[in-house]
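Over in Swiss-Prot, the protein carries these features:
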BINDING   His111, His148, His152, Glu211  Zn(2+) binding site
Amino acid sequence: MIKWPWKSNETAPDALLPWDEALAIPVLASLSADEQSRLVQLADRFLQQKRLVPLQGFELDELKSARIALLFCLPVLELGIEWLDGFHEVLIYPAPFVVDDEWEDDIGLVHNQRVVQSGQSWQQGPIILNWLDIQDSFDASGFNLIVHEVAHKLDTRNGDRASGVPFIPLREVAGWEHDLHAAMNNIQDEIDLVGESAASIDAYAATDPAECFAVLSEYFFSAPELFAPRFPALWQRFCHFYQQDPMQRLRENAGYDGNASPQVH
């Protein structure tokens, strides 16, 4: 059990929530004791500020709420809870859900179709998730639905549409775009060679820059050993933006000893 070193002038997290049990998931295993305690404090504030809304009969309990909050706060552990401003509700379906999608093709024709979604994030509005994919986000596998949708929120924090470039200094934008597009091209080259199902990075990352940023944010936090050695320049930019280094954390706290893989600069 973790001993929470709360300062006397800080408000302790809700003791009724099962924080120790909530932390016991693989994606959080490499966090230090100090990082875990700070993450819990952020997650507690998240639950005070946001409303989790279960839909279609989904039953939300304290453990589920705590784990959802922890994953929401993982990307902003060093940025601060204010980076999650801009939405007040998280809607949670029991499973992937169907939505009406409208899109325009290259010649201007508008199409409507019903599509199955795992999650959605609106620039001004709630985040929509489903529990089946949230559960899959507990593993250190490279998939993390919550981190993906949070990344979209961070992407639009500058008030513009999602572009794959989060709120960073203007002088860093060109370099970020260069490295992000290099990663997209590399991922697409692998897809062309081995197919989507055999690609080592989720093929969704190659669809556009916004999705590349969101997908690679998933790998940044849940499978850094697949991201860092392959795209070292972009990895450093992610570390600078998130103010975290999950690869170093993995080495220090989980005894990782991986082999290097091809690099893209």
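Glycine is treated like the rest: Cβ placed from N, Cα and C.
Same-chain residues at least 6 positions away in sequence with a Cβ under 8 Å from that of Glu211 (Zn(2+) binding site) are, in sequence order, Gly164, Tyr204, Ala205. Neighbour density around each Cβ, counted as other Cβ atoms within 10 Å, peaks among the binding-site residues His148, His152 at His148.
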